[in-house]
Amino acid sequence: MGSIILVTGGARSGKSAIAESRTLVFGSPAVYVATAQALDAEMAQRIAVHRARRGAQWRTHAEPLDLCGALALTDGAPRLVDCLTLWLTNLILAERDWQAEAARLARTLAAQAAPVVLVTNEVGAGIVPENRLARVFRDAAGSLNQQVAQVADEVILAVCGLPVKVK
Amino acid sequence: MGSIILVTGGARSGKSAIAESRTLVFGSPAVYVATAQALDAEMAQRIAVHRARRGAQWRTHAEPLDLCGALALTDGAPRLVDCLTLWLTNLILAERDWQAEAARLARTLAAQAAPVVLVTNEVGAGIVPENRLARVFRDAAGSLNQQVAQVADEVILAVCGLPVKVK
Amino acid sequence: MGSIILVTGGARSGKSAIAESRTLVFGSPAVYVATAQALDAEMAQRIAVHRARRGAQWRTHAEPLDLCGALALTDGAPRLVDCLTLWLTNLILAERDWQAEAARLARTLAAQAAPVVLVTNEVGAGIVPENRLARVFRDAAGSLNQQVAQVADEVILAVCGLPVKVK
């Protein structure tokens with residue numbers, strides 16, 4: 001079992017639950033690095049549902065942008081990053097250089113001593129979006145996923161709540 | 001080989017053909033539980049194409065809403081439910097409590113004596129839909145898929161007409 | 001290892017890179033059969049990025065429509081067709097009979113002496129598109145993928161840049 005694990009899948013495919021249980025295998029309390037921002041009621045609702053499922057085995061660290069900084073603050077506890085797609089969205093909305101940040105994340109992950117489990121999304125298996133920004137976003141998400149998968153020890157695809165081993 | 005089998009996949013990924021052949025392994029005539037409603041010409045056309053591929057080995061039982069009731073009417077013949085995503089659509093359009101129905105279906109499946117093969121769809125691997133109802137639907141579909149997969153003995157992902165074993 | 005290989009996956013899932021390395025296993029120089037047409041700046045940009053990644057080991061043959069004709073012009077070198085989804089788009093825009101062309105491609109592939117690797121796209125795992133033409137297209141793409149997968153010796157699903165064996 002490796003120490004960098006990427007869990008990908010479509011919406012509501014059970015990615016987060018799989019990632020949480022894989023993180024706790026490394027020990028607890030674990031650190032939940034939340035990239036979500038409650039910008040509207042729907043997001044606040046999703047965040048509340050996820051938080052309610054996690055129990056006392058978790059400490060939450062909210063960090064929408066500086067993911068590498070959050071990964072530096074470690075005391076050896078396993079970390080779960082949920083999720084990379086929202087982090088990418090935050091970077092793009094804040095007009096940061098997401099390509100530089102993606103490359104920096106890959107380097108940071110390769111240098112970690114304590115385990116990191118990361119959740120991401122499959123967003124490219126539908127019809128080509130008519131919206132240009134959506135096309136740019138799915139290209140960026142696919143590129144980020146590939147870079148993280150390359151340095152990961154394990155990659156898991158969630159299908160109907162079940163893990164499919166990819167790497 | 002288990003007796004509850006879930007076959008999932010994208011549009012035109014060969015789900016129905018895989019599910020049909022898996023059902024007939026259990027014996028024939030088998031019962032085709034059709035959840036589709038021919039509400040427009042396009043749906044009627046899709047239903048006709050599917051029906052034409054099935055032969056004399058099938059008896060058709062159309063049931064848009066009361067899936068658990070349809071599964072109770074058994075003489076021991078294998079059943080194929082095609083498909084869960086349309087059933088969910090029908091429940092939502094009829095303003096039924098789909099969450100209660102999904103939980104009831106999972107309990108009903110766990111108690112079946114005769115085999116049941118179910119077809120569902122992967123709808124969450126594209127870009128986040130701009131339409132709020134579409135987002136609610138893909139969350140509901142993902143949740144239903146996870147509940148059925150949990151009680152299933154086998155889960156198969158259809159890719160380009162080929163089965164990939166998930167469980 | 002078979003001589004007809006289909007590589008499928010979502011947008012930016014690493015399909016082309018996997019297909020290129022699989023093609024070069026058969027020897028080089030290899031022939032890159034490009035179905036893309038630079039109809040706008042965005043497409044021209046994508047073509048340029050792909051071409052830049054390929055090196056001197058490739059000869060490029062551009063063919064938007066007559067794919068079977070391009071596969072007939074062989075000197076025994078391995079061929080990479082990138083990609084089937086754009087070819088299908090070109091056929092539909094040119095008002096060709098895509099169903100006849102898909103069947104002809106499957107027959108042509110089955111008769112090849114030299115290796116052919118083909119790239120295609122998963123386009124059916126999102127929400128049902130509201131646009132009718134998009135629904136027709138994803139059905140056509142799924143049907144084409146199934147026909148090619150049936151005659152292929154190997155089928156690979158690309159996930160986060162990694163190959164998952166399907167056949």
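Glycine is treated like the rest: Cβ placed from N, Cα and C.
A TrEMBL annotation is a machine prediction, not a hand-curated record.
Note that the structure is a prediction, hence the values are computed from the model and not measured.
Residues annotated as active site, GMP-histidine intermediate in TrEMBL: A:H50. According to TrEMBL, the feature GTP binding site maps to A:9-16, A:34-36, A:51-54, A:D82.
Features recorded in TrEMBL, as mapped to the structure shown.
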residue: A:G9; record: GTP binding site; CB count, 10 Å: 29
residue: A:A11; record: GTP binding site; CB count, 10 Å: 22
residue: A:S13; record: GTP binding site; CB count, 10 Å: 25
residue: A:K15; record: GTP binding site; CB count, 10 Å: 24
residue: A:A34; record: GTP binding site; CB count, 10 Å: 21
residue: A:A36; record: GTP binding site; CB count, 10 Å: 19
residue: A:H50; record: active site, GMP-histidine intermediate; CB count, 10 Å: 17
residue: A:A52; record: GTP binding site; CB count, 10 Å: 8
residue: A:R54; record: GTP binding site; CB count, 10 Å: 18
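DSSP assigns A:G9 (GTP binding site) to a strand. The separation of A:H50 (active site, GMP-histidine intermediate) from A:A11 (GTP binding site), Cα to Cα, is 13 Å. The two recorded residues, A:H50 (active site, GMP-histidine intermediate) and A:G9 (GTP binding site), have Cα atoms 16 Å apart. Here the binding-site residues are A:A11, A:S13, A:K15, A:A36, A:A52, A:R54, and the ones sitting under 8 angstroms from chain B, going by CB atoms, are A:A11, A:S13. Secondary structure at A:A52 (GTP binding site), taken from DSSP and collapsed to helix, strand or coil, is helix.
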